[in-house]
Amino acid sequence: MAKDINLSSRTRNPLLLFLCFTILMLLRTEAVWLNIPSKGTKCMSEEIQSHVVVLADYYVVADDGKGHQPQTISAKVTSPYGNNLHQNENVTHGQFAFTTTESGNYLACFWVDPKHQEGGVDTTISLEWRTGIAAKDWDSVARKEKIEGVELELRKLEGAVEAIRDNLIYLKNREEEMREVSETTNARVAWFSILSLSVCISVAVLQLWYLKRFFRKKKLI
């Protein structure tokens, strides 16, 4: 009996470690640096489900310490269906926030303003993109509900677990949709193959009938 308990505990420990690691990764946010070419556009996208809060901050990173004025950039964020969610031009920093209404890839694109394109030097920007549980203002939640310490951390873990559950449900629904599309495509391909084979057989029969009729008229057979 004791061996069974030990084995069960050993089995649970990796699962608990994986769950804790996933939760910490959800709560953790880091800025990414993007190198924008002097003539071109740099984009990044993320697949997000609907009804998710998205917050982002971006700014141009200074290349040197000579006091030069940083280059200005333009930014544009679009939804999976091409709706414009944010657009900013001739800026060195900016931010945007929205709640998703569509499921799919949300695209954020950045490019250097035309007046800075002649230099041929890439521009570096820092982008901090937060979604879901990572975008929640926990300080406001703590002040509003008067919680702190361990209780606040438990609330964060609870929110992270809910985010994981919602994400798994979203992935399951996406898998079902993709399976339905695959089955529909396979059925159409099968019917198209049958139709193509039927057309080929019909053409072959018509060719034989025509040649036989032709040879008979010419009294060759």
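Using N, Cα and C of the backbone, Cβ positions are placed for all residues, glycine too.
Note that the structure is a prediction, hence the values are computed from the model and not measured.
According to TrEMBL, the signal peptide annotation covers 1-31. Feature annotation from TrEMBL assigns domain 'GOLD' to 41-156. Positions annotated as coiled coil by TrEMBL: 147-174. Per TrEMBL, transmembrane segment is recorded for 189-211.
Model confidence over the coiled coil (147-174) is summarised by a mean pLDDT of 80. In the domain 'GOLD' (41-156), helix, strand and coil residues by DSSP number 25 helix, 55 strand, 36 coil.
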